[in-house]
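The domain '4Fe-4S' annotation in Swiss-Prot covers 32-90. If you look up Swiss-Prot, you'll see Cys49, Cys52, Cys57, Cys73 marked as [4Fe-4S] cluster 1 binding site. Sequence annotations record features per position, and here Swiss-Prot assigns domain '4Fe-4S ferredoxin-type 1' to 105-134 based on sequence analysis. Taken from Swiss-Prot, the feature [4Fe-4S] cluster 2 binding site covers Cys114, Cys117, Cys120, Cys154, and the record attributes it to sequence analysis. The annotation [4Fe-4S] cluster 3 binding site is assigned in Swiss-Prot to Cys124, Cys144, Cys147, Cys150 on the grounds of sequence analysis. Feature annotation from Swiss-Prot assigns domain '4Fe-4S ferredoxin-type 2' to 136-164; the stated evidence is sequence analysis.
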Amino acid sequence: MSTMLIAVILLTLLALFFGVLLGFAALKFKVEGNPIVDELEAILPQTQCGQCGYPGCRPYAEAIANGDKVNKCPPGGTATMEKLASLMGVEPEPLNAEAQSQVKKVAYIREDECIGCTKCIQACPVDAIIGAGKLMHTVLTADCTGCDLCVEPCPVDCIDMVPVTQNLKNWNWRLNAIPVTLIQETPHEEKRG
């Protein structure tokens, strides 16, 4: 046998041995995550805004699993809070006074003043701001959670938080609240003549 063939076979056997060893170690020393934290995190809106007092949704989910209150997520609103309370088996509470706002606000960039520095784009946790370097930026209001993280880094102070005015596009129609009654059809008797 040639030296080259022996080297290839030896390296293949060595790679196979270490592959099996790593596979065994991965199964033997597997670290399980907390499934409750994963479920809580799936319920949270994933805005990573920090309005709850934690640096993101995962740390807040871990805090809830450790006994923290479920009413600290403003972007999620009452619906998210009720789902969290149901999962944790606690009574739903009103949203935290600091978290509760009567009118939803979104970021608004005064485009004529924007210098295109991209600092607001980098600060936005939900990618609701579009634009490019040295060009005007704008906010996708449908995606904006109102977390206010884009206002601080703006060097020219051209970002305002404005209330969302309700119109036909964003009105909460609550179609599931309309009462629906099922009417049973009764067979008609044939007319006799």
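Positions of Cβ are set from backbone N, Cα and C atoms, glycine also.
Mapped onto this structure are the features recorded in Swiss-Prot.
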residue: Cys49; record: [4Fe-4S] cluster 1 binding site; contacts (Cβ under 8 Å, 6+ apart): Pro74, Pro75, Pro125, Val126, Thr145, Cys147, Asp148, Leu149
residue: Cys57; record: [4Fe-4S] cluster 1 binding site; contacts (Cβ under 8 Å, 6+ apart): Glu41, Leu44, Pro45, Gln46, Thr47, Gln48
residue: Cys114; record: [4Fe-4S] cluster 2 binding site; contacts (Cβ under 8 Å, 6+ apart): Gly131, Met136, His137, Val156, Cys158
residue: Cys117; record: [4Fe-4S] cluster 2 binding site; contacts (Cβ under 8 Å, 6+ apart): Gly133, Cys154, Pro155, Val156
residue: Cys120; record: [4Fe-4S] cluster 2 binding site; contacts (Cβ under 8 Å, 6+ apart): Ala107, Ile109, Ile129, His137, Cys150, Pro153, Cys154, Ile159
residue: Cys124; record: [4Fe-4S] cluster 3 binding site; contacts (Cβ under 8 Å, 6+ apart): Leu149, Cys150
residue: Cys144; record: [4Fe-4S] cluster 3 binding site; contacts (Cβ under 8 Å, 6+ apart): Val106, Ala107, Val126, Ala128
Within-chain partners of the domain '4Fe-4S ferredoxin-type 1' (105-134) [C-beta distance under 8 Å, separation at least 6 from its ends]: 47-49, 140-141, 143-156, 158-164
Binding-site residues listed as Cys52, Cys73, Cys147, Cys150, Cys154, least Cβ neighbours within 10 Å: Cys154
For the [4Fe-4S] cluster 1 site built from Cys49, Cys52, Cys57, Cys73, further residues of that chain with CB within 8 A of the site's CB center: Leu44, Pro45, Thr47, Gln48, Gly50, Gln51, Tyr54, Gly56, Tyr60, Lys72, Pro74, Pro75, Gly76
